[in-house]
Amino acid sequence: MLGIETTCDETAAAVVSRDSDGKGHILSNVVRSQTDEHAIYGGVVPEIAARAHVEMLDHLIDAAMREAGIDYAALSGVAAAAGPGLIGGVIVGLTTAKAIALVHDTPLIAVNHLEAHALTPRLTDAIDFPYCLFLASGGHTQIVAVAGVGDYVRLGTTVDDAMGEAFDKVAKMLGLPYPGGPQVEQAARNGDATRFAFPRPMQGRSDANFSLSGLKTAVRNEIGRLESVSEQDVADLCASFQAAVLESTADRLRVGLDLFEQRFGAPTALVAAGGVAANQAIRGALDDVAQAAGTRLIVPPPALCTDNGAMIAWAGAERLALGLVDGMDAPPRARWLLDANAQVPGKFANTRAGF
């Protein structure tokens, strides 16, 4: 299965295989990050991202096929992320996949980008359903019950900012380079996490939703109170912000796991995916939550937590095994709910949160 990923600022192509027993193998996984193109703007510029996908995608697909050592006739299908994401990039990837499928008379699978994240641990760790997914990235923050391929129940979501977006915005306030998440984590190692008393959003609530906009505002207010911001101030602000995120996340996940068990029984694992899962402090907090809940934590390797083609190819292979294929009229989608019956929590609606 060839997989194509172009939903944000990574251009990626990969080839994976799936055995009859469900075991997966990555034959190639080629990713070209656009970080340098967007760094000078302090964030992703959709038009620049789409143009970069156009320039790079054909070359990356060729490289992935060569590395896998197969030709197009050997493909069982072509999978592309059809959303949710920046619509220009989604169109580039999906249109390319349609062309390949049409020319080589092979099935097309239009993959939900979030489903690809959700199914990645079945590629890396061959885990059984049902499991609890914590997906945290620059565009999404969700707790999802993964009951089967195509069977997802969202237990909690952010009502405003995504977690990765909050890290990036705090980094920008403090003058740290883009992408900001790793910069905040690094600065926090040298900081005093108790210096600034930031709020712990949503803590103690009976639902499993997240909120990060108020915490982000609290950081901005503290910066404004400082006459000048020293290197130590930056470290202390980052450490205090990250500590608040950790405590809030742990609380939300404890509630999410309780909701999971009420509906599905004990999960086979707590799984973390998305770029935020690369943060070692957050991994530590997740591990503590998993142990307290009597389950294990599974985090795919960093290269498979962030956006990549292998996860798209694997989701395509899982869907193809169930006979789920798409026609040439499969639409690109800027918004695409993972769980078809999901309701926006309360009055909130935020495209970046995945609604």
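Here, residue 1 is simply the first one shown, and the rest follow in order.
Keep in mind that glycine also has a Cβ here, set from the backbone N, Cα and C atoms.
Keep in mind that what you see is a predicted model, and the values were worked out from it rather than measured.
Around D307 (Fe cation binding site), the C-beta neighbours below 8 angstroms that are at least 6 residues distant in the chain are E5, T7, C8, E10, A12, V31, H113, G275. The Fe cation binding site annotation in Swiss-Prot covers H113, H117, D307.
In sequence order, Q142, A162, M163, G164, T249, A272, A273, G274, G275, V276, A277, I282 constitute the residues six or more apart from A136 (substrate binding site) in its chain with CB-CB distances below 8 Å. Marked as substrate binding site by Swiss-Prot: L135, A136, S137, G138, G139, D168, G181, N279.
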Report the residues of the chain - excluding H113, H117, D307 - with C-beta within 8 Å of the mean position of the site's C-beta atoms, for the recorded Fe cation site, in sequence order.
E5, T7, A81, L114, A116, S137, A273, G274, N308, M311, I312
In Å, how large is the greatest distance between any two Cα atoms among L135, A136, S137, G138, G139, D168, G181, N279, the listed binders of substrate?
17
Please report the Cα separation of S137 (substrate binding site) and H117 (Fe cation binding site) in Å, rounded to an integer.
11
Return the residues near G138 (substrate binding site), defined as same-chain residues 6+ apart in sequence whose C-beta is under 8 angstroms from its C-beta, sorted by sequence, else 'none'.
C8, V44, A162, G164, E165, D168, P179, G181, G275
Once near-sequence residues are set aside, which residues in the chain of H117 (Fe cation binding site), 6 or more away, have Cβ atoms under 8 Å from its Cβ?
L133, L135, S137, A273, G274, M311
